[in-house]
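Over in TrEMBL, the protein carries these features:
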{"type": "DOMAIN", "residues": "1-254", "note": "domain 'G-protein coupled receptors family 1 profile'"}
{"type": "TRANSMEM", "residues": "17-40", "note": "transmembrane segment"}
{"type": "TRANSMEM", "residues": "60-79", "note": "transmembrane segment"}
{"type": "TRANSMEM", "residues": "100-122", "note": "transmembrane segment"}
{"type": "TRANSMEM", "residues": "142-167", "note": "transmembrane segment"}
{"type": "TRANSMEM", "residues": "198-217", "note": "transmembrane segment"}
{"type": "TRANSMEM", "residues": "233-256", "note": "transmembrane segment"}
Amino acid sequence: CTVIFTRIATKDLHKPISILFCNLAFSDLFTSFSGFWITMLFITNPDITIFGSKDMLAPYALYTTSILSTIYNLVSIGIERYLAVAESMRTRFRVARNHSIAIVLINWLLAFFLGCLPLMGWNCLSMAKNLSVLYSPFCVDYLIFVAIPNVVVAFIIPLFTYLRIIIILRKRKLRMKACGQATGTYKSAEIQVARTSIFIWLLALISYAPFFAGVIFDATNHQCHIDLYPGVYIFRNCTAMLITINCLGNPIIYTLKAKTLGEKLKTLKCLSTGRVRACTI
């Protein structure tokens, strides 16, 4: 919420990449909200989160939608950064604000379509066959259909884009060094991109790999719910906690580390403090 408020309140941060950052914050907010919804259902009626119920379809669908939106936003940010660095200055002007808004809309439409498929009928409420153990009443084939392609997208595309950015910056640094020019700017940019990409990969790996492992377990498991209680469901809760940690880590990596946003946040804080003092006087 701090990231969203700061970016909306500052006009000079309304840039294409800033729109993607703000949308990423919205996706993380929805993920946290849907996770809190599922938590409240678990507290009030734990059985429906284990054996499945119609009441779990809507929160699980919102949870899936928000996670998919987060993944698509991370991929979009990686592609935008690659276009900004890989091509000439003209590319930055081609990636306009309207393009970023269109990308945001496409990401949400695709995420809503895939996330709401269980609400449209692709669920296992009426049959016990092919039922997910961890995420009842979802079907195992639906989880595989959603998880495997998106995990590949989430890991392969950012890997390509950030590696390409690092390689391009290194080549340009070597060219400038050969011409006898200063290379301090490119060196610092290369280090910053390398650190950011490492943080992104580690956070994504820690957050989503256990969830993907749970889906694979679901597909290969042939035991009933009672035989797996409570160990598997503790593992499921841990995967949800890791996804929530990813929602907390994204603003730190992508936005709160940015000097411009940090300065604007301090400015807003100072303005707020000044208003309070003026009202007191």
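Note that Cβ sites are derived from N, Cα and C of the backbone, with glycine treated the same way.
Keep in mind that TrEMBL annotations are predicted by a computer and have not been checked by a curator.
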**Q.** Any contact, the transmembrane segment (142-167) to the transmembrane segment (233-256), with at least 3 Cβ pairs under 8 A
**A.** no
Q) Sequence-remote contacts (6 or more beyond its ends) of the transmembrane segment (233-256), Cβ cut-off under 8 Å? A) 2-3, 7, 21, 24-25, 28-29, 31-32, 35, 38, 50, 67, 70, 74, 77, 134-135, 196, 199-200, 203-204, 206-208, 210-211, 214, 262
